[in-house]
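In what follows, a single structure is set out as structure tokens and then discussed.
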Amino acid sequence: MHKTTGLVLAGGRSSRMGTNKALLEINGETLLHRTMRLLEQSGCRQVLISGDYYGYRCVTDTAQLGPLAGIAAGLDACQTEKLLILPVDMPYMTSELIQLLMHFRFEGNGVSYADAQFPLLLLNNDANREVLAGLLASETPANQRSITQFYRQAHITELPVSPKYRHCFNNTNTPEEWQQCQLLLNGTYEGISL
């Protein structure tokens, strides 16, 4: 049994999409439920939600501070050795890629795939909490409080990924990206194949 908690990042405003991305559906399943299912299938013993969703185990983050606040809230609530973070808007992600990340032996405070911010596997430790707290308390510009800056300061290991899996890391932020996603997942888009 893995000693990992899953965290779904679903607390954003979805302003570019115009509607709550977590509640969008693919084949009758919301992105929120799909993301939770992926984390559970990958071996997470419990799954937390960063956001406010009735009936789910949610963690509350500081408003308007982006995904770093959600990650910090998830780490504070985590009672396992590791926290696996996956945003709700990554509909192409697979449990196989998540499991590969979970089984990778890494140095530092966490691991993610090269050139992709998520999924992210973090150690539940004081070093990660301190880096997050410092970035969130900072009055520096937003780009210096980014996930990229967290990766640098927390010494996150990057796992190479084959080009054939690059599409799995795409997210959906706009209605156009969502429409393309639906076509791809239903097999009716001719631009690329999954």
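Placed from the backbone N, Cα and C atoms, the Cβ positions cover glycine too.
Per TrEMBL, GTP is bound by L9, A10, G11, D61, D89; the candidate from K21, K82 named for the same site is K21. Residue density at D89 (GTP binding site): 24 other Cβ atoms are found within 10 A of its Cβ, drawing on all protein chains shown.
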